[in-house]
């Protein structure tokens, strides 16, 4: 397990929360960039070497409302071979990040077909945030050529907002683990969701910046 200190967000907490160990679990199809997402955030650098299917549990010290908390980041494998083992990492989760790649339409559809049903079955009361990954590939020529060959296109921000509303996600955010664009906002939102989950009456759409960064 790796651990490093990070001052992430001031979420308007009332100051009476006891120091907590926070648990954030990332789920989604294989090859959508979950591991790189976590490693890039935890290490503040994109992994240049081979990335295993599941990386080690990382812990990051975050400051919320003037109090320090330990944020545990948990990777999961999206392949079907892990369907029986994956839920073993779910107990005591405070927030889930459901990931899909904006250049992998199948991973987008599987959010509603596979991942939300699994979470509702295993952890029905835990909030989740929808994350679009690999946004740096939206303009990548090789990626665009591959999608064109399959008669597909990259998914837009509007696609993510629509899906977030449909599944009752707390919020939709996009990021790139490679460039780190939007990366910190993803985990700021995860922390905010733990302390101040929103009711799912209409969902929370486009919540960029709803956490004050310090």
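From the backbone N, Cα and C atoms, a Cβ is placed for every residue, glycine too.
Computed from a predicted structure; not experimentally measured.
Per Swiss-Prot, S-palmitoyl cysteine is recorded for 3 (among others), and the stated evidence type is similarity to another entry.
The feature S-palmitoyl cysteine is assigned by Swiss-Prot to 11 (among others), with similarity to another entry given as support.
Residues or ranges marked as GTP binding site in Swiss-Prot: 31-36, 46-53, 75-79, 133-136, 177-178. In the three-state DSSP reading, residue 48 (GTP binding site) counts as coil. Counting every protein chain shown, the number of other Cβ atoms lying within 10 Å of the Cβ of residue 48 (GTP binding site) is 6.
According to Swiss-Prot, the feature motif 'Effector region' maps to 50-58, an assignment based on sequence analysis.
What Swiss-Prot records for 211 is S-farnesyl cysteine.
Here Swiss-Prot flags 211 as cysteine methyl ester.
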Cβ neighbour count within 10 Å, max among the binding-site residues 35, 134, goes to 134
Sequence-ordered list of residues in the chain of residue 178 (GTP binding site) that lie 6 or more positions away and have a Cβ within less than 8 Å of its Cβ, or none, is 36, 40, 46, 134, 136
In this structure, the one of the binding-site residues 31, 77 whose CB has the fewest other CB atoms within 10 Å is 31
Model confidence for the motif 'Effector region' (50-58), as mean pLDDT, reads 64
